[in-house]
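Student: Below, the features straight out of TrEMBL:
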COMPBIAS  33-50  compositional bias 'Basic and acidic residues'
REGION    1-60  region 'Disordered'
REPEAT    246-279  repeat 'TPR'
REPEAT    280-313  repeat 'TPR'
REPEAT    314-347  repeat 'TPR'
Amino acid sequence: MGNAQDKPPGIRPDSSTARTQRAPEKGLANGTPRDRDRDRADGRRERDSPAVDTSYLDAPAGALPPHLARIKNEGNHLFKHGQFADALEKYTQAIEESAKEGIDSPEDLCILYSNRAACYLKDGNSSDCIQDCTKALELQPYSLKPLLRRAMAYESLERYRKAYVDYKTVLQLDTGIQAAHDSVHRITKMLIEQDGPEWREKLPEIPVVPLSVQQQHREKPISIELAQARATRAAQEEARRKEARFTLLKREGNDLVKKGHFQEALEKYSECLALKPDECALYTNRAICFLKLGHFKEAKQDCDSALQLEPSNKKAFYRRALAYKGLKDYLSASSDLQEVLQLDPNVVEAEEELEVVTGLLRKSLMDNKAHTPQV
């Protein structure tokens, strides 16, 4: 017991480590033959591997001197690859060295603060993000990205009034930023719940962006991403308008049918079909109007169109049967009514109409026979 040494349980010195500890210093300096072989192999791999292109790091960055431009570009590269903490350090370094060297370029410093703010925002540090965005806006008032990032930071901190003001300012500069539109809509609901009907009166004053600044933003060349975003938003807006117009016209058409105003209803359904030519129900609805107006050929055509879209549509078969009946094609009417009953045996109207059509068909055959001269 007295000579025994306590050892941590489960930890044992590695045998190779033990041998290395006993080896003379010369062995440590020169390494083993296996080590030398591995080093030579590593050297060959380094020579054989393609060189990594880092020329983008030397790209100019506004009025920043080359060494600061490189630091900023390194930050941009790290940010793009999701290394936000490392990117933040680079932007901080560029900001601090710019101050030491007395760099007088508000636009470049604004970008550095705005970029660092983006890092803070990605890391969930909304307070520092707001500080950097505010500093950027002091350097370059009405700069779009700092405004947008500060708005997002305010929103994450539930400071909805300030967020609303910044988002509305952003939209004065560029109405095509969908994220700002969505956020304004979302925050408006929250402010109404929070402050009631007089929520607008509790807002800070929304600054009016000078027309000259708005014009500068419009004249700036837009990126491919922004152009695509604007095109997407325009398409979405057009689709929403189209859908709203369609819904209104269809509702008006249905109401007119209930009132017996079939000509006006027909016109509403025709406008609907100009917006959505593949909507089956519109054809069957318009077919009713044609039937009521005695336009049996047009009613049949609409039912044909409906059945091309939905081959098992009961309403289309039934209304086409009525159109055939109006055209005195009782055999085709009977066939369509039987199709309805095959799809749904419980359609009482189809059963009753089939009896009527069968009687008319029988009478028609008898009349034809009576008027056919006997040979």
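Every residue gets a Cβ built from N, Cα and C, even glycine.
All TrEMBL annotations are machine predictions without curation.
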Student: Averaged across the repeat 'TPR' (246-279), what pLDDT does the model get? Just tell me the whole number, please.
Tutor: 95
Student: For the repeat 'TPR' (314-347), what are the DSSP-based totals of helix, strand and coil residues?
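Tutor: Grouping H, G, I as helix and E, B as strand yields 27 helix, 0 strand, 7 coil.
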Student: Under DSSP, the repeat 'TPR' (246-279) has how many residues in helix, strand and coil?
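Tutor: Tallied per class, the repeat 'TPR' (246-279) gives 27 helix, 0 strand, 7 coil.
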Student: Residue counts in helix (H, G, I), strand (E, B) and coil for the repeat 'TPR' (280-313), per DSSP?
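Tutor: Summed over the repeat 'TPR' (280-313), the classes give 27 helix, 0 strand, 7 coil.
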